[in-house]
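Written out below as structure tokens is the structure these notes cover.
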Amino acid sequence: MHILVVSVNYRTAPVEFREKLTFQAAELEQAMTTLQNQKSVLENVIVSTCNRTEVYAVVDQLHTGRYYIKKFLADWFQLEIEEVAPYLTIFEQDGAIDHLFRVTCGLDSMVVGETQILGQIKDSFLEAQQVKATGTIFNELFKQVITLAKRAHSETTIGESAMSVSYAAVELGKKIFGELTDCHVLILGAGKMGELALQNLYGSGARKVTVMNRTLSKAEIMAEKYMGHAKPLSELQCALLEADILISSTGASDYVITKEMMTKVEKMRSGRPLFMVDIAVPRDIDPAIDELEGSFLYDIDDLQGVVEANRAERLKEAEKIQFMIEEEIVVFKTWLSTLGVVPLISALRDKALAIQSETMESLERKIPTLSDRERKVISKHTKSIINQLLKDPILVAKEIAAEEGADEKLALFAKIFDLEMEDVESRAEEVEHKRAWTPSVPSL
């Protein structure tokens, strides 16, 4: 088995392409179910955010797995593989494990150290478990990753200087307008990104805030928390007339604000500039609006310059977290290496129990007067003897499994105990294809 990551992210793909490969939240479960039925794929978790779409998979063959995951992405988004391939980054084995740890800890984020990705990874993992797309390996790996990410943020100060993308948008607005107290701010979208932006705006002094959303009740709930006003999207054109700053993150599939709409609005704004930040993927605002004289549009990729400000301090903390990651990878790989010895141990236990069972049958034939209580006591004690005898050999087998040249040593181990290798290999296949669905996961 092999661990594989196929990624399209902000480092290698512009927003124009990333928005073509973005899974909507409502379709993630179906996507993971579909991928699970692809050739070579044994387990999978799909993570899709504004900055990345990544497929994490356990595959039986690397080459075949790579191909069918690429094909799945191309088919799902109705693209040709040739269109998708140039923007994909592939991580394999140790690189894939390290990448998952780094992403979940926020070290691979546009804003190093942000914590939003941890929640997104956890949500995707839980959804994958719900559709039984994860098995023995990912159930262990993702739990370990989530636990470490929580510890990394609690034991370092990386989160204190880190910014989310929505906070970066607010910082950009402050650089342009200075104080935000007198600015009229318009928020499009009442989801997580919109609320994060509003939290940061409120913390930066903004008090004239309007929240708009397709579902007005959601906008009202969010606006009430921060003493803002809520309006339906049907009044968008009027709201654009009043706004100084617009931050948009609706998750709509088409442009919410078109160039045609903004051209009409500009004529009525009497030359007042409008600062617009589009942090949605796919984008909410037609990029052609940036051509208009009074509109200043920034998308999610433009925020890179803002997030660089605190990078030096965050990188110091990131080094500490990377060390923690490397230690944790050793722990996971040790666990992973012992998976191969599980069938051997199982075969050893079964053989010992078979001997114990045969001995009990022989004893009962020779001493037919044994009472039920006496049989239970003898059976219990003979099993105890077996467990004591097997304890050290099993520990040694696990240690051998983590060493180089483990296959030859374990074969000798099997020979010493006269274990049938065909039986061991049969058990190994069962373990390899096992789908151990265990929904327990560390809470955030």
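First residue shown is number 1, and so on along the chain.
The backbone N, Cα and C atoms fix where each Cβ goes, and this holds for glycine too.
The active site, nucleophile annotation in Swiss-Prot covers CYS50. Residues or ranges marked as substrate binding site in Swiss-Prot: THR49, CYS50, ASN51, ARG52, SER109, GLU114, THR115, GLN116, GLN120. Positions annotated as NADP(+) binding site by Swiss-Prot: GLY189, ALA190, GLY191, LYS192, MET193, GLY194. Per Swiss-Prot, site 'Important for activity' is recorded for HIS99.
Sequence features annotated in Swiss-Prot and their locations in the structure.
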residue	record	Cβ neighbours (10 Å)
THR49	substrate binding site	22
CYS50	active site, nucleophile	24
ASN51	substrate binding site	23
HIS99	site 'Important for activity'	20
SER109	substrate binding site	26
THR115	substrate binding site	19
GLN120	substrate binding site	19
ALA190	NADP(+) binding site	25
GLY191	NADP(+) binding site	15
LYS192	NADP(+) binding site	15
- Item | Distance [Cα-Cα, Å, rounded] between LYS192 (NADP(+) binding site) and CYS50 (active site, nucleophile) | 12
- Counting every protein chain shown, other Cβ atoms within 10 Å of the Cβ of GLY194 (NADP(+) binding site) number 26
- Fill in the CA-CA distance, GLY194 (NADP(+) binding site) to ASN51 (substrate binding site), as an integer in Å. 16
- Note on the structure: GLY191 (NADP(+) binding site) to CYS50 (active site, nucleophile), Cα to Cα, whole Å, comes out at 13
- Note on the structure: For GLY189 (NADP(+) binding site), the number of neighbouring Cβ atoms whose distance to its own Cβ is within 10 Å equals 28
- Query: Under 8 Å Cβ-Cβ from MET193 (NADP(+) binding site), six or more apart in the same chain: what's there?
  - Reply: CYS50, VAL165, SER166, SER249, ILE279, ALA280
- Take the C-alpha atoms of HIS99 (site 'Important for activity') and SER109 (substrate binding site) and report the distance between them in angstrom, rounded. 11
- Message: In whole Å, how far does the CA atom of ALA190 (NADP(+) binding site) lie from that of THR115 (substrate binding site)?
- Response: 19
- Item | Among THR49, CYS50, ASN51, ARG52, SER109, GLU114, THR115, GLN116, GLN120, the record's substrate binders - longest CA distance, Å | 15
- Query: Taking the centroid of the Cβ atoms of GLY189, ALA190, GLY191, LYS192, MET193, GLY194 as the NADP(+) site, which other residues of that chain lie with their Cβ within 8 Å of it, listed in sequence order?
  - Reply: ILE187, GLU195, LEU196, ALA197, ASN213, SER249, THR250, GLY251
- About how far apart, in whole Å, are the alpha carbons (Cα) of THR115 (substrate binding site) and GLY189 (NADP(+) binding site)? 21
- Message: I need the nearest neighbour of GLY189 (NADP(+) binding site) among the binding-site residues THR49, ASN51, SER109, GLN120, using C-alpha distances.
- Response: THR49
